[in-house]
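Feature annotation from Swiss-Prot assigns NADP(+) binding site to G164, R165, S166, S193, V234.
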Amino acid sequence: MTEVIDGNAVASDIRDDLTDAIATLADAGARPGLATVLMGDDPASETYVNMKQRDCEEVGIESYHVDVDGDAPPETLYDEIAALNQNDDVHGYIVQAPVPDHVDYREVIRRVDPQKDVDGFHPENVGRLVAGDARFRPCTPHGVQKLLEAADIDTEGKDVTIVGRSDIVGKPLANLLIQKADDGNATVTVCHSRTENLAAKTRRADIVVAAAGAPELVDGSMIGEGSVVIDVGVNRVDADNEKGYELVGDVEYESATQNASAITPVPGGVGPMTRAMLLYNTVKAASLQEDIDVALP
């Protein structure tokens, strides 16, 4: 029978463990602070930002928010970033993507203080990750590692196929899994839209991570017997229901369970972990900036 890896439960445990670290910092006068920056009025982005603010409130992290008009020049956003870089109450912040077309997101990330870059996207933090000295692991890849750990799935010596090469998931996860570490030591294949014979590469993997942003791209015929399947994708597809849509992953769930030994659902798998690891990185940022040691889960 296929094990369903419950991301909600694992994320809840991590949040519970973080509350002790947050209390330690708060008692020392250094309550962690996380800011979100939203440029424009994208409905999905507004939803994500609201969820992150609620997460902060639940664990005792101070939450700050900055709205920037979507028609404002890039310099307006840059000024807000500069102010956050100088704000000692804000230990970490994120600039919610996507930004409007007239703003270069890479330039936005370059302007973020690397010590407050709790997304882990700044070039300095990317370099540290590749070198095996990560300050902040990007939230989704770190969440995937924590899910595997919680399910007692060892990556050492395993063949891992990652479907997707994004800067947010595919690339950093590959770099994390090849590190000489207890949650690494894997042999990793990264596939993408130009990969030939994708199914052959996924079928031979011990662990398949689907992170291509393509609804139900990976089906059961592409999963080897006994493989572990981590579905990072969250896609809206049309459906005959009250909402008019449903959420599906990058994996065709029902057929994949015929072969997989373990699988993450959508929703309720990787998504909650991404949010939990943002809290984790914020607490770590506060610990580093305030020079106060705390135990992290």
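Note: Cβ is positioned from N, Cα and C throughout, glycine not excepted.
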Neighbouring C-beta atoms (10 Å sphere around the C-beta of S166 (NADP(+) binding site)): 16
Largest tally of Cβ atoms lying within 10 Å of a Cβ, found at which of the binding-site residues G164, R165, S193, V234: G164
Max CA-CA distance, Å, over listed NADP(+)-binding residues G164, R165, S166, S193, V234: 18
